[in-house]
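*Asks:* If you scroll down you'll find the structure; I have some questions about it.
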Amino acid sequence: MEIAGKIACFVVLCMVVAAPCAEAITCGQVTSNLAPCLAYLRNTGPLGRCCGGVKALVNSARTTEDRQIACTCLKSAAGAISGINLGKAAGLPSTCGVNIPYKISPSTDCSKVQ
């Protein structure tokens, strides 16, 4: 193999090794993004900054795995946090002008989210 070929192989190898690994979204990120929505979802406060968090979450959940993780976190929160208006939770994406491929509900089957 000539020297130029070896250099090309080395450069490609370095690019593969140095490529950053994309990490999946976490429940911490999901809850952090949606924390401003809690008062609204409990009927105790305005929508306020909630939609900014919803939009940030949608932008963060780019892969199927991310969307399934986000769905699972939201499903768990919807069932565990007392006083949440589940109708408002389900309508949150449309209220904020975004689309998500699942309903925010304790009954959502997150394994089917694409």
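Placement of Cβ uses the backbone N, Cα and C atoms for every residue, glycine included.
Note that this is a predicted model, so its numbers are computed, not measured.
Swiss-Prot lists Cys27-Cys73, Cys37-Cys50, Cys51-Cys96, Cys71-Cys110 with the feature disulfide bond, giving experimental evidence as the kind of evidence. Marked as signal peptide by Swiss-Prot: 1-23.
Give me the local environment of each listed feature.
*Replies:* A helical conformation is recorded for Cys73 (disulfide bond) in the three-state DSSP classification. Taking Cβ-Cβ distances under 8 Å and a sequence gap of 6 or more within the same chain, the neighbours of Cys73 (disulfide bond) are Cys27, Val30, Thr31.
Spatially close to Cys50 (disulfide bond) yet at least six residues away along the chain are Leu34, Pro36, Cys37, Tyr40, Leu92, Cys96, judged by Cβ distances under 8 angstroms.
Reduced to three states, the DSSP call for Cys51 (disulfide bond) is helix.
Long-range C-beta contacts of Cys110 (disulfide bond), restricted to its own chain and to partners at least six residues apart, with a cutoff below 8 Å, comprise Gln68, Cys71, Thr72, Lys75, Tyr102.
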*Asks:* Cys51, Cys71: which of these disulfide-bonded residues has the sparsest Cβ neighbourhood within 10 Å?
*Replies:* Cys51
*Asks:* State the count of C-beta atoms found within 10 angstroms of the C-beta of Cys37 (disulfide bond), not counting that atom itself.
*Replies:* 25
*Asks:* Fewest other Cβ atoms within 10 Å: which of the disulfide-bonded residues Cys27, Cys96 wins that one? Let me know.
*Replies:* Cys27
